[in-house]
Amino acid sequence: MDHLPIFCQLRDRDCLIVGGGDVAERKARLLLEAGARLTVNALTFIPQFTVWANEGMLTLVKGPFDETLLDSCWLAIAATDDDTVNQRVSDAAESRRIFCNVVDAPKAASFIMPSIIDRSPLMVAVSSGGTSPVLARLLREKLESLLPQHLGQVARYAGQLRARVKKQFATMGERRRFWEKFFVNDRLAQSLANADEKAVNATTERLFSEPLDHRGEVVLVGAGPGDAGLLTLKGLQQIQQADIVVYDRLVSDDIMNLVRRDADRVFVGKRAGYHCVPQEEINQILLREAQKGKRVVRLKGGDPFIFGRGGEELETLCHAGIPFSVVPGITAASGCSAYSGIPLTHRDYAQSVRLVTGHLKTGGELDWENLAAEKQTLVFYMGLNQAATIQEKLIAFGMQADMPVALVENGTSVKQRVVHGVLTQLGELAQQVESPALIIVGRVVGLRDKLNWFSNY
């Protein structure tokens, strides 16, 4: 380990920055946020420094570097564009045993500045030891996406409860189990983010009153249409907190690779070599695992409330009194149309869009008369096997035979394939496509040649 990561308490302590440009301004902003009593020494200053000085936030000393300014300092930063001056600052700080950072010259510095993820009072620092600042920045950006913005509020509230937790729970094991339950409670986190004091208090009292081995919960998460980059941040957070993930075949391998490594995985989909797990059995798996006290994620392709049978699964949990929540996902209609260059609505061609299941209950019938109406876009889910029937019915109820159609196979993924034609060809086109696939019918399909972008990548 080349550097010891430490967090410095600088509130009301003297610090010095030498330099008055943009780089110095960025460093000054960090020190001011930390509450430092800041002096800035430079020949010239960008306007922001004058603003801060006029507001009494820092002191400006105009002129060449004055090393006596270091005499009362705890920490210094050299941020000029003159290497000679920066080295003088470093040497003067070293002689006084004051830690000094030299911007873009880690070998001349006694400390380096990390990339920071600020969820105060929770702080995360990332450093490459000065060898690769860009890598440190990329890691910081990834961590920023993983850590909820309200995490700091949760940490601050936890600090307020420490004495009560210590008093109520006698052993370290009990306290640990309580805090694990506390920090994964989405209702509490959301209530804190919304400043809903009544809900915060109610959830807190429930956490303290529940036995530590209480039943778990189920989170219904939409995985999106395929591209792992379309998984929501909240969805990513949930699958990385799960004890067990129950998933179907529409969830891509790229997304499953993001699941917490030691989480159990239960496949309940239908694909070659596997039998389809009946819906009732899936419901019982969710119920059984939650009753063991586990955090269960039910991971579904697309959005769980759009032809995902999510409502049926939650009804079972609701009846059993199991806590649950839902994280929406980008539905296949949105993802596949966007990645195919087909806008679902358009001022000239479609004022509405209909999402339709092509997989009906026995004896079921769609409202073909309204589906055949003009100025709308139809998106059929699970419609490949019924493509010929869809073609026949729409034409029979008055839709023009030359209406553009498109079938999107493996939408949003690197395997995406789009075939298109007109309505009279729909049944034939469906023979060229494999599931999972989506059928889009409407004049907007004609814009594909102009708006297609994904196939160019």
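Note: Cβ is positioned from N, Cα and C throughout, glycine not excepted.
Same-site candidate for S-adenosyl-L-methionine binding, as annotated by Swiss-Prot with Gly301, Gly302, Asp303, Ile306, Thr331, Ala332, Met382, Gly411, chosen from Pro148, Pro211, Pro225: Pro225. In this structure, Leu43 is the one among the binding-site residues Val23, Leu43, Ile306, Ala332 with the smallest number of other Cβ atoms inside 10 Å of its Cβ.
Each residue contributes its Cα atom, and for Val23 (NAD(+) binding site) and Ala332 (S-adenosyl-L-methionine binding site) these two points are 45 Å apart.
Annotated S-adenosyl-L-methionine site Pro225, Gly301, Gly302, Asp303, Ile306, Thr331, Ala332, Met382, Gly411; additional same-chain residues within 8 Å of its Cβ mean position, judged by their own Cβ, are Gly224, Leu250, Phe307, Gly308, Gly329, Ile330, Ala333, Gly335, Cys336, Tyr381, Leu438. The NAD(+)-binding residues named in the record, Asp22, Val23, Leu43, Thr44, extend over a maximum Cα to Cα distance of 15 Å. Secondary structure from DSSP puts Ser128 (phosphoserine) in coil.
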